[in-house]
Amino acid sequence: MFQRWSFALCRPIVAAAQVSQQQVPPSEEPRNESGAANPPLVKEEFLRQFRERLANDKTGRNSLEGFLDLPENLPPTAASIGPLKRGKEPLPPWLKLKVPMGASRQPRFNKIRRNMREKRLATVCEEAKCPNIGECWGGGDEEGDGTATATIMVMGAHCTRGCRFCSVMTSRTPPPLDPEEPRKTADAVADMGVEYIVMTMVDRDDLADGGAAHVVRCVTAVKERNPGLLLEALVGDFHGDLKLVEMVAGSPLNVYAHNIECVERITPNVRDRRASYRQSLKVLEHVNNFTKGAMLTKSSIMLGLGEKEEEVRQTLRDLRTAGVSAVTLGQYLQPSRTRLKVSRYAHPKEFEMWEKEALDMGFLYCASGPMVRSSYRAGEYYIKNILKQRETVEAPSVSDGGNEPKDSE
């Protein structure tokens with residue numbers, strides 16, 4: 001916009017300057033005492049007329065507001081640098097994060113990152129450029145009361161499915177599994193020094209068991225090397241084969257997680273055709289039945305994909321009916337141009353509402369917020385929930401003990 005009106009403004013001035021240049025032959029140009037030519041009169045005339053025209057401009061475009069093509073109701077001080085892409089809205093304030101703290105203030109974060117580089121271990125935290133990496137890896141370094149958490153992705157970096165929200169690379173024939181991966185993962189986790197690890201996986205529909213046996217070997221190796229570690233396995237649906245689900249659920253993990261991702265209506269447009277809403281519910285329900293409620297089950301929902309309020313509420317009900325104990329809700333953000341676009345940015349107040357409703361439905365805990373992801377600060381929430389459960393169990397015994405008669409001396 002600035003170019004259009006500025007060119008229109010300057011065109012008559014340039015024309016006048018060209019006329020002035022023609023009226024002053026080169027031989028008659030004013031010269032100083034040394035014989036050198038003075039600055040061209042054309043430049044002086046141009047600047048004089050340009051300043052005069054700007055000073056007399058009454059269009060209102062000769063201002064900061066006129067110079068910047070701002071979105072409606074956006075003050076100039078909040079303008080983005082550079083042009084906005086057509087159809088792309090600026091991020092709301094609650095999705096703009098602060099730069100993570102430096103090395104001197106986050107020793108846990110830097111230790112984990114250093115070990116990742118040395119072991120050449122892939123994490124979803126870095127691969128997906130998760131905005132919460134400082135909080136999870138730092139684990140409350142500043143306050144000293146948090147739990148460092150990391151998310152490791154096993155079975156390679158290529159997935160056989162093509163969900164439209166995910167940025168993980170897709171391949172029909174991914175590389176074969178690394179038989180040394182269980183040992184390497186266990187060694188790396190031991191060096192990382194975390195208290196809680198989330199082990200996720202790519203879908204491997206090219207394998208007969210979907211990689212279930214490999215996941216069990218990884219879980220077992222990590223727990224044997226790190227017996228005090230809390231381990232959450234965020235796994236796929238294994239083609240809906242419940243025997244494979246039982247195989248993983250029977251391994252020494254602490255939390256069985258499987259994400260339902262979104263509400264039922266939009267699932268065919270969001271997830272790969274081999275995944276389904278009802279199949280995910282069936283997997284989660286079977287884990288709860290197989291372990292007789294002893295296994296903590298967990299799932300996650302994304303907002304901003306075109307869902308309606310009542311649909312989110314129904315999804316929470318379905319998860320709770322399936323016996324899911326923990327749920328997370330977060331804002332979907334488009335990872336690349338080829339992925340689904342964001343339909344809306346849910347306000348933080350809405351996430352607070354869903355957290356309250358989830359807890360009222362009977363979930364043991366709920367992490368709900370714009371930047372929350374399925375493994376967001378998983379260790380901290382898990383530990384707090386365990387402590388809360390212990391306090392609830394111990395409270396009656398203390399009360400009962402207080403009512404017991406004392407032995408006579």
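Cβ coordinates come from backbone N, Cα and C, glycine included.
Per Swiss-Prot, region 'Disordered' is recorded for 21-41.
Residues annotated as [4Fe-4S] cluster 1 binding site in Swiss-Prot, with sequence analysis given as evidence: CYS125, CYS130, CYS136, SER375.
The domain 'Radical SAM core' annotation in Swiss-Prot covers 142-364.
Annotation comment: Swiss-Prot describes CYS159, CYS163, CYS166 as [4Fe-4S] cluster 2 binding site. Around the Cβ of CYS159 ([4Fe-4S] cluster 2 binding site), 22 further Cβ atoms fall within 10 Å across all displayed protein chains.
Listed in sequence order, CYS159, PRO335, ARG339 are the same-chain residues at least 6 apart in sequence whose CB falls under 8 Å from the CB of CYS166 ([4Fe-4S] cluster 2 binding site). Summary of the [4Fe-4S] cluster 2 site environment: with the site residues CYS159, CYS163, CYS166 set aside, the chain residues having Cβ atoms within 8 Å of the Cβ mean position are ARG161, GLY162, PHE165, SER167, VAL168, THR170, VAL202, ASP203, ASP272.
CYS159 ([4Fe-4S] cluster 2 binding site) falls within a strand segment according to DSSP. Residues within less than 8 Å, Cβ to Cβ, of CYS163 ([4Fe-4S] cluster 2 binding site) and separated from it by at least 6 positions along the same chain comprise GLU261, VAL270, ARG271, ASP272, ALA275. Confidence in the domain 'Radical SAM core' (142-364), given as mean pLDDT, stands at 92.
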